[in-house]
Amino acid sequence: MGKNVVVLGTQWGDEGKGKIVDLLTEQSKYVVRYQGGHNAGHTLVIDGEKTVLHLIPSGILRDNVKCIIGNGVVLAPDALMTEIKMLKERGVPVEERLLISEACPLILPFHCALDIAREKARGNNAIGTTGRGIGPAYEDKVSRRGLRVGDLFDAELFAEKLKEVMAYHNFMLTEYYKCEAVDYEETLKDALAIADYLKSMCVDVTELLDQARKAGEPILFEGAQGTLLDIDHGTYPFVTSSNTTAGGVATGSGFGPRHLDYVLGIMKAYTTRVGAGPFPTELQCEIGDHLGTKGHEFGATTGRKRRPGWLDVVAMKRAVQINSISGFCLTKLDVLDGLEEVKICVGYQYPDGSVATVTPLAAEGYEQVTPVLETMPGWSENTFGATSVEQLPQAALNYIKRLEELLDTPIDIISTGPDRNETMILVNPFS
């Protein structure tokens, strides 16, 4: 029987999920996105050629894989068409490989307008969203006024629903935020223009995945963003609008949770965060600059500079709990090359001297904490591109071993570069 594997981020996103998903898709028949939208940025490097995907699953470059956008994903038709065009120009037969759930909520222009208007209105208290309409689209879904992909297939009904929801949002834009209204006719025309094209790719995702499971075909579920950005379990309110944790797989695809066999947590060898929000181990110093520069820490979606810091084991323990992580993939180990010492956060100290080893449940709880850091010797040797454990210096091996001890979870994969070949698979999630 084939295994069903989840690959998800354990930090604030940008852990290197895209590369690992691409690597593991060689052994899977289906790759499924189950949450988020085109706010994700998954970078693949294959034989030196770089591909950045925001919405389409990272298995799209494999000719033996069907890629699925599940119902938990908020879908922006314009972003999807842009990505499809880019891939087709590279010779990728997207229509043969991509399938979409009719139940995906649509992101439409007024969602983006609202997202941008809200961030601007927040001023210094801005959350740091991508401005791509993700949050407003999820709001419409929960409020039961959202439009879904399947609504496009009845033009008359879609027009009626669109008029109603746009009247509501345009009122907010013009009267509350003092912004321009979004044009109804143009929005309607653009949406209906691709209805037939999308319909050709729509399937009952729940039924398809269940049949695949019964046939023993391996399925890989590709998470977006990271655990610490989860709407319920992240550093609220500095979070995304979806469940980025393993629980989102079932709700965002219709796949039964008891059928998941392995959860692979992607963990960078240090930590980064894009946008606002608490970050106890942040390094605003020369070492932070080193990590940011050597790690090329700029967002694949927004281009924003990421905030670097030491690896936070307190937060990673929470990720292990929430996701029932089977094993970790440690990425960007090579970025630590050349540092005299490396540090790991093992606790949060409060002003009264008390030390916590679990994360607070909201952003406010982080305001007065300072990280308790454990220091380990660094290494001068080059680990970039290493493909076997024997090539790693002893200090790097000691660092890996210490992380396994602290997290009580094995590190099953080690990544030492952006290319799919620059990887050590110690334990294969599909084996």
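Glycine residues also receive a Cβ, built from the backbone N, Cα and C atoms like all the rest.
Of the residues Gln27, Gln225, Swiss-Prot places Gln225 in the same IMP site as Asp14, Glu15, Gly16, Lys17, Asn39, Ala40, Gly41, His42, Thr130, Arg144, Thr240, Arg304. For the pair Leu333 (GTP binding site) and Gly41 (IMP binding site), the C-alpha distance works out to 20 angstrom. Rounded to the nearest whole angstrom, the C-alpha distance between Lys305 (substrate binding site) and Gln225 (IMP binding site) is 16. Between the CA atoms of His42 (active site, proton donor) and Gly13 (GTP binding site) there is a gap of 10 Å, rounded to the nearest whole number. Binding-site extent for IMP: residues Asp14, Glu15, Gly16, Lys17, Asn39, Ala40, Gly41, His42, Thr130, Arg144, Gln225, Thr240, Arg304, maximum pairwise Cα distance 34 Å (rounded to the nearest whole number). Thr43 (GTP binding site) falls within a strand when secondary structure is assigned with DSSP. If you take the CA of Arg306 (substrate binding site) and look 10 A around it, the recorded positions you hit from Asp14, Lys19, Thr43, Thr130, Gln225 are Asp14. Nearest in space to Gln225 (IMP binding site), taking C-alpha to C-alpha distance over the binding-site residues Gly13, Gly16, Gly303, Thr416, is Gly13.
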